[in-house]
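Enquirer: What follows is a single structure, and I will ask about it in a moment.
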Amino acid sequence: MAGYATTPSPMQTLQEEAVCAICLDYFKDPVSISCGHNFCRGCVTQLWSKEDEEDQNEEEDEWEEEEDEEAVGAMDGWDGSIREVLYRGNADEELFQDQDDDELWLGDSGITNWDNVDYMWDEEEEEEEEDQDYYLGGLRPDLRIDVYREEEILEAYDEDEDEELYPDIHPPPSLPLPGQFTCPQCRKSFTRRSFRPNLQLANMVQIIRQMCPTPYRGNRSNDQGMCFKHQEALKLFCEVDKEAICVVCRESRSHKQHSVLPLEEVVQEYQEIKLETTLVGILQIEQESIHSKAYNQ
């Protein structure tokens, strides 16, 4: 006699509607999301917080890697600029260190004659150029260096200080903007944290709980071939975690980078291996039996 499927009673159907698809228990402070499905406030909040934390950690890791690369390049340029300025400064100091402090333009009274300041600087610049030609004239062109007055070095150093010594530092990453949340039941995406309290459902759950303390999960029960978390058919097999998963699990962070196979292929391969192992065992037993009979004869 062929069996027939039993239909749940109206009370069982009512109980099933009062069960959260995430925790598989009666709703606690139920809220409705944009697609119309209901969940416990604590369940959906915890799910969102976990995803937000993972997203933020990934963005911070990417930002730190970019900052490390930029810092290495900036430090190379900074170090080169410092060495160039120090080298030129030392060359300038050695070039003009032979000038005595007594070589000042003083008047007959022994007091500095400030009227001759312009003449003093012009003549000193000419002497510096002559000294530079004297010291560097005999060098090969590829060994020559530029020698500048101290004032020019300091002026150029101040202009490039902000650009080279203090490279642009990007501000820390801002908090991630609201992303997309996929409903565990219908997988429809919508803006996160867009839910509203469902007071009518909360009152109904309270009445049902008094009548039936233990919830009836019906099709939401973790029967064989159904995902306990997403209530989807287990159609895939994760080769890394060695477990059957649903299509929603496949898109989650825990399995997104893993290699998966259709569950049917894995089951078929397993059955073939099991059958082959069984046949090999039977053949070995038969061979041992034949050898035993031949030995006894």
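Just so it is clear, glycine is given a Cβ too, placed from its N, Cα and C backbone atoms.
So Swiss-Prot lists these for the protein:
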BINDING   C227, H230, C249, H255  Zn(2+) binding site
REGION    72-167  region 'Important for rapid proteolytic degradation by the proteasome'
ZN_FING   20-62  zinc finger
ZN_FING   222-263  zinc finger
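Relative to the rest of the structure, where do these features sit?
Expert: Sequence-distant contacts of C227 (Zn(2+) binding site), defined as residues of its own chain at least six apart whose C-beta falls under 8 angstroms from its C-beta, comprise A233, L234, I245, C246, V248, C249. C227 (Zn(2+) binding site) falls outside any helix or strand according to DSSP and counts as coil.
Looking only at the zinc finger (20-62), the predicted model's pLDDT averages out at 79.
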Enquirer: If H, G and I count as helix, E and B as strand, and all else as coil, what does DSSP give for H255 (Zn(2+) binding site)?
Expert: coil
Enquirer: For Zn(2+), what surrounds C227, H230, C249, H255 with a Cβ no more than 8 Å from their Cβ centroid?
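Expert: Same chain, not in C227, H230, C249, H255, Cβ within 8 Å: K229, E232, I245, C246, V247, V248, R250, S252.
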Enquirer: Hey, what's the Cβ neighbour count for C249 (Zn(2+) binding site) at 10 Å?
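Expert: Its Cβ has 22 other Cβ atoms within 10 Å.
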